[in-house]
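Novice: For reference, the structure I am asking about is given below.
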Amino acid sequence: MSITDLLGAEDVKKAVAAFAAAESFNHKKFFEMVGLKKKSKQDVEKVFHILDKDKSGFIEEDELKFILKGFVPDGRDLSDKETKTLLAAGDKDGDGKIGADEFTALVAES
């Protein structure tokens, strides 16, 4: 399964392009632009599992850095600052990583 099986390819492309500049990433706007906010909890969890590259059940900081590449192969890497901001927003239990429930909550509050 790929991201575009769940989200519109054009929406994904536009959203990634909107945050092409360094230090411009805003997860709330991004999740809304790709259409993730309108998806069911089950679909959001499917996207989580696609982004969880090492299949650990969590999206760790090193995976977050490459989150845009999870949506399109040529997406840019997030800066360390952007990565830490996203991790802080999503890591509700303070374990240094984002679980599936934390991810769905992060998308829902966007």
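Keep in mind that glycine also has a Cβ here, set from the backbone N, Cα and C atoms.
Pulled these features from TrEMBL for this protein:
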BINDING   D52, D54, S56, F58, E63  Ca(2+) 1 binding site
BINDING   D91, D93, D95, K97, E102  Ca(2+) 2 binding site
DOMAIN    39-74  domain 'EF-hand'
DOMAIN    78-110  domain 'EF-hand'
Novice: Of D52, D54, F58, which binding-site residues come within 10 Å of K97 (Ca(2+) 2 binding site), going by C-alpha to C-alpha distance?
Specialist: F58
Novice: When a 10 Å sphere is centred on the Cβ of D91 (Ca(2+) 2 binding site), how many other Cβ atoms does it contain?
Specialist: 19
Novice: Return the average pLDDT for the domain 'EF-hand' (78-110) as a whole number.
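Specialist: That stretch averages a pLDDT of 96.
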Novice: Spatially, which candidate from the binding-site residues D52, D54, S56, F58, E63 is nearest to E102 (Ca(2+) 2 binding site), comparing Cα atoms?
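Specialist: So, of the listed binding-site residues, the one sitting closest to E102 (Ca(2+) 2 binding site) is F58.
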Novice: What other residues of the same chain, not counting D91, D93, D95, K97, E102, have a CB atom within 8 A of the CB centroid of the Ca(2+) 2 site?
Specialist: F58, G90, K92, G94, G96, I98, G99
Novice: Which ones in the same chain are close to E63 (Ca(2+) 1 binding site), with CB under 8 Å and 6+ residues apart in sequence?
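Specialist: Set apart from E63 (Ca(2+) 1 binding site) by at least 6 residues yet with Cβ under 8 Å, we have L51, D52, K53, D54, G70.
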Novice: What's the number of neighbouring CB atoms sitting within 10 A of the CB on D54 (Ca(2+) 1 binding site)?
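Specialist: That number is 10.
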Novice: Give the number of CB atoms, excluding that of E102 (Ca(2+) 2 binding site) itself, located within 10 Å of its CB.
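Specialist: For E102 (Ca(2+) 2 binding site), the count of other Cβ atoms within 10 Å is 19.
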